[in-house]
């Protein structure tokens, strides 16, 4: 895939992903009886928080939404639409899970590319992808006062890790730059959908003591 | 109002506001049985956290309290005084609500001005005001392990949004720079006090499903 | 102590400290039934989060783990080893408390030195030490959905404050640079171990009202 096509694909997936993340975040806020403003804030933090945390940690300024305030409008608008149409969305769970999986892998690849363009080392490129893919959901859960689902659910972060590994492997190790983006997206998406379908989980570490 | 007078007014309100925020935060920490150190930390985070988050997100260094460490001393001192005199303060709820409202609008206008001086776009100026006005309280609630009140209470964030809109409208749209600060402060303060008096609320988005 | 020796001592203690923090964090994650990935994330955030927050707040880039990704590997590896060997570790509580105390004072002195090398003011040097020493544990508790223990436990933050004060006092006030690091470490460690032994606590601020 030529470089422009893969950039365009990633950008389109990015827009789909922030809208999808905003919508699922709005539903999470609704489960907590938040007001309309809270719904918009949770949506923006979930959709844009992963990239923001990455940029702050890497010192990569300006942040995406500062340079493109229209993304704030898109996420807030998607959140309000969701609150208006919640009755309909109730029946679209499978669609949301698909869009959420798309978002996860697209965010991950974008995060890898940002660190790559900053000339950072391979492990940091991988971590940058995982922060971009996963941190938004963690921030959402912290603001909603939950234990982050990420740390307890099926293969979410592992999908992000694998997506980043495939991307790095194809682009850096094998020099197959034109294949890196589409293959990483496909592999990550497939693993995520399989994990959802068969309810694959990471082993849990359960520990009890009487120290506290 | 001449530029120096409005700067002086804002600065005075800023000092009043960080002390007031520190005091209400100390009471919140006391409700959670924190020790004296925890009380000081919660007070500093609440009073200075909104501005700090804004500065980190916008890449606006050094942060206010790094350049002016005396603000840390003021907030920690106000918090300890509050813990000492809590019995008296119990009777001053109305005064606290007034000072808190003053702080909200003053922080908001200051946040707008910071983004304006960095040459950022209008939506980001508005968002910068809202982060400065509201994020300290959200950080306080996260550290105290509450669902942030901001997302569930009367018109708090909406007041910040309106204050920013009035400020931007007068300063940018109409060119009435000398009026922008005092009018924005007055309108915001009035709306907040009316919302408190008549218990105005944003509509809530209540959503239940059996997805989880 | 010559400058190189004190740098080497601090660096060795730093490595011991991040491994120890990662191990205690892994046990905390295990108490919450997190999966293996969650265990690694909590470990990295706890061990490296204090320094990261300090660097982000002070605008001190690149962050330690971005420049040294091997620290991420060390903490994640220590966390996974902990999950594997949790049965044995159950009996080593005293060792963990000692290593944790070492980490607290080593992190604090390192944080002071970073702010000092940036040419910041004395209060900020002190605050930088406290953030480096204490913030990792606060982030761990927020991610595990606890009220931060820091604000309710024995002398943790006070030890960090005292360590920083001794360091600053010897280095800046008295010019005893060669003594500053070892004496600050020793005094801080001694106070922490005494506080643990005799269960010293800061006075709590307990406040009840019917405002909410």
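Including glycine, each Cβ sits where the backbone N, Cα and C put it.
Automatic, uncurated: that is what TrEMBL annotation is.
Listed in TrEMBL:
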type: TRANSMEM; residues: A:12-29; note: transmembrane segment
type: DOMAIN; residues: A:13-86; note: domain 'Glycine transporter'
type: TRANSMEM; residues: A:36-59; note: transmembrane segment
type: TRANSMEM; residues: A:71-89; note: transmembrane segment
type: TRANSMEM; residues: A:96-116; note: transmembrane segment
type: DOMAIN; residues: A:98-170; note: domain 'Glycine transporter'
type: TRANSMEM; residues: A:122-143; note: transmembrane segment
type: TRANSMEM; residues: A:155-173; note: transmembrane segment
type: TRANSMEM; residues: A:179-198; note: transmembrane segment
Secondary structure split (DSSP) over the domain 'Glycine transporter' (A:13-86) reads 62 helix, 1 strand, 11 coil
Can you count helix, strand and coil residues in the domain 'Glycine transporter' (A:98-170) using DSSP?
60 helix, 0 strand, 13 coil
Excluding the flanking five residues on each side, which residues at least 6 beyond the ends of the transmembrane segment (A:71-89) place their CB within less than 8 Å of a CB in that stretch?
15, 18-19, 21-23, 25-27, 29-30, 36, 39-40, 42-44, 47-48, 64-65, 96
Can you tell me which parts of the same chain pack against the transmembrane segment (A:12-29), counting only residues 6+ beyond its ends and a CB-CB cutoff under 8 A?
38-39, 42-48, 71, 74-76, 78-83, 86, 89, 96, 99-100, 102-104, 106-107, 110, 136-137, 140, 144, 185
